[in-house]
Amino acid sequence: MLSKIIKYLLVWRLAILAIATLATYFLPIKDCCQTFGANLSPSYLANIWANFAGKDFLDLARFGYGLPLSPSTYVFFPLFPIVIRFLTSVIPDYLASGLVLVHVSLVLALFYLYRLIRLDYQDNIARNTLLLIILFPTAFFFGAVYTESFFLLLIVLSFYLARKKQFFLACLFGLFASATRLAGIFLWPALIWEIWQKARRSPSLVWLLLPPLGLLAYLKHLYLKTGNPLMFLKVTPDFGPNLVIDKLILLHQVFFRYAKMLLGSELISPLYLTVLFEFVVGILFLILTVLAFRKLRRSYAIFMLLSYLAPTLTGTFAGLPRYVLTIFPGFILLSLWYGSQKPLVKRIYLAINIIAAAILIALFTRGYFIG
């Protein structure tokens, strides 16, 4: 299965590069990306995958937190840039190290996700899950210097090892996940549920103390560096005026805000398309989260619920289409639905995903913010 995954990912990657190449002919590049190099030059085709947050991760790998970087970089958790920096001892280039890390992580994440799904479902469900993840409109982030591939690998390994009763390793990867993104802490309650079902009277329960340590270590670092252990939350509004952290925004309020934005935005503009896409993904994964408690393992449903709700508490779905890439239980549910559909419905669904992906890839690689 590993060789097939590698083969299909090569085709997927070439298709993405082809779309990025075509985008240079009909979409003007934004000012933020003028330093990428001449269109279609080797430097351009590499730098477009370290766009927006990707550049911040490379800067963190190079300089660490603090000067000369902006305080806004505290929003990014440390493990991903640390691993990039470690890889530069083998690959003496930060961008190349980042790209190698995300692609190797993606191959391994899909391989172990396939094995995890096969513990409960037939081969076609597992294969379709991989297909639907990799063709999701924002899946190109798996190939960018973002945390998605690396984070998905940590999550999948944590669940897989817990299912295999290797509780220490499962919780260790949970620790790594909570040091990679805030959403990693949502593995903790899911692992508590999963491991409690198998080892409620076992000394192995002590390993459940590990997952939050990644987050706690970063909070301690922030306290020592800035005097505020929650500095990563304080700087969150720097990444968008619609992000709210000083009050609680409920889910129905977020949907209402998006309905107002859609009614007030100019049709057929990058902003309108982004808002519409975020709104649709918000609805889709709300439905899938509800279904998860009826159709999936409770540990999967717990992880999915927390991972879905947390980004919405800032009052926006911004970034949600990217965040859902690592909420793998949602794609298992999509696979179950997909497998029950007629061929025409399947083709239409895949066509919608591919068209949306092509548009988003073109926009992202030309400097338009996607998420």
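Cβ atoms are placed via backbone N, Cα and C, with glycine included.
Where the annotation comes from TrEMBL, it is an automatic prediction and has not been curated.
Given the structure is predicted, the values throughout are model-derived calculations rather than measurements.
As annotated by TrEMBL, transmembrane segment applies to 6-27 (among others).
Annotation source TrEMBL lists transmembrane segment at 65-88 (among others).
Feature annotation from TrEMBL assigns transmembrane segment to 94-117 (among others).
Tertiary neighbourhood of the transmembrane segment (129-161): same-chain residues 5, 8-9, 12-13, 16, 49-51, 53-54, 57-58, 77, 80, 83-84, 95, 98-99, 101-103, 105-106, 108-110, 112-117, 167, 169-171, 173-174, 176-177, 180-181, 183-184, 187, 190-191, 194, 277, 299-300, 303, 321-322, 324-326, 328, 331-332, 334-335, 338, 350, 353-354, 356-357, 359-361, 364, 370-371, selected by CB-CB distance under 8 Å and a gap of 6+ residues from either end. The transmembrane segment annotation in TrEMBL covers 129-161 (among others).
A Cβ distance under 8 Å defines the sequence-distant neighbours of the transmembrane segment (167-193), meaning residues of its chain 6+ beyond its ends; these are 77-80, 147, 150-151, 154-155, 157-161, 199, 204, 207-215, 217-218, 232, 298-300, 302-303, 306-307, 310, 323, 326. As annotated by TrEMBL, transmembrane segment applies to 167-193 (among others).
As annotated by TrEMBL, transmembrane segment applies to 205-224 (among others). If you look at the transmembrane segment (205-224), the same-chain residues 6 or more away from its ends with a CB under 8 A from one of its CBs are 65, 74, 77-79, 167-168, 170-172, 174-180, 182, 184-185, 187-188, 191-192, 195-196, 199, 230-232.
Within the chain carrying the transmembrane segment (271-293), a Cβ under 8 angstroms from the stretch's Cβ atoms is held by residues 137, 251, 254-255, 258-259, 261-262, 265, 300-301, 304-305, 308, 312, 316-318, 320-321, 324, 327, 329-330, 333-334, 356, 359-360, 369-371, all 6 or more beyond its ends. If you look up TrEMBL, you'll see 271-293 (among others) marked as transmembrane segment.
Annotated transmembrane segment per TrEMBL: 300-317 (among others), in sequence order. Counting only same-chain residues 6+ beyond the ends of the transmembrane segment (300-317), those with a CB under 8 A from a CB of the stretch are 155, 159, 182-183, 186-187, 189-190, 193, 236, 240, 242-245, 248-249, 251, 253-254, 257-258, 278-279, 281-282, 285-286, 288-289, 292-293, 323-324, 326-327, 329-330, 332.
What TrEMBL records for 323-339 (among others) is transmembrane segment.
Residues annotated as transmembrane segment in TrEMBL: 348-369 (among others). Sequence-remote contacts of a segment are chain residues at least 6 beyond its ends whose Cβ falls under 8 Å from one of its Cβ atoms, and for the transmembrane segment (348-369) they are 16, 19-20, 22-24, 27-33, 48, 51-52, 132, 135-140, 144, 270, 273-274, 277, 338, 341.
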- With Cβ distances under 8 Å as the criterion, find the stretch in 65-88, 94-117, 323-339 that has the most pairs with the transmembrane segment (6-27). 94-117
- By a Cβ-Cβ criterion of under 8 Å, what residues six or more beyond either terminus of the transmembrane segment (323-339) are in contact with it? 113, 117, 121, 124-126, 128-129, 131-133, 136, 138-139, 141-142, 148, 151-152, 155-156, 183, 281, 285, 288-289, 291-292, 295-296, 300-301, 303-304, 307-308, 311, 346, 349
- Query: Short question: which residues 6 or more past the ends of the transmembrane segment (65-88) have a Cβ under 8 Å from it?
  - Reply: 53, 56-59, 94, 97-98, 100-101, 145, 147, 150-151, 176, 179-182, 184, 214, 218, 221-222, 225-226, 231-232, 234-236, 238-239
